[in-house]
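S.K.: Pasting the relevant annotations from Swiss-Prot:
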MOD_RES   66  phosphohistidine
DOMAIN    67-158  domain 'ABM'
MOD_RES   79  phosphohistidine
MOD_RES   154  phosphohistidine
């Protein structure tokens, strides 16, 4: 099964990892207060101490030229299976939404916080998608809240925006 590994750090530190590993497909983005790098691979990662996920559904290819929204979806052991089944079975007609580029549904190797990456041409296209029924019915906090379990046992549902780095 394909894995996705992520690490956060300073731009310079993560960029050096990327430069030193030209044979690995490493993707680096800017977030609001940090940089993030990730590697999607069937093999071993070059990242040291990354967060590891199983890729359980994928559409499209990653690109450093696209805008991404990473959605963190908390669950509990009691609700994780149902959450996963719901998200796997979602009709993926959102792929036809203007500016859509890619999608990844990720199962955590440790813990119960799932992650979704939505890739769009730019943030404006993603914000348009967020207003759609497809997003509100399947991916919004309200749509997924009954899979969170009781409060206090998990992290919060949140989004992190990842921007292309312009050099």
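Placed from the backbone N, Cα and C atoms, the Cβ positions cover glycine too.
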S.K.: Near residue 66 (phosphohistidine), how many other Cβ atoms are within 10 Å of its Cβ?
M.R.: 25
S.K.: With helix taken as DSSP H, G or I, strand as E or B and everything else coil, how many residues of the domain 'ABM' (67-158) land in each class?
M.R.: 38 helix, 26 strand, 28 coil
S.K.: Give me the non-local Cβ neighbours of residue 79 (phosphohistidine): same chain, 6+ apart in sequence, Cβ-Cβ under 8 Å, ordered along the sequence.
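M.R.: The list for residue 79 (phosphohistidine) reads 112, 146, 147, 148, 149, given in order along the sequence.
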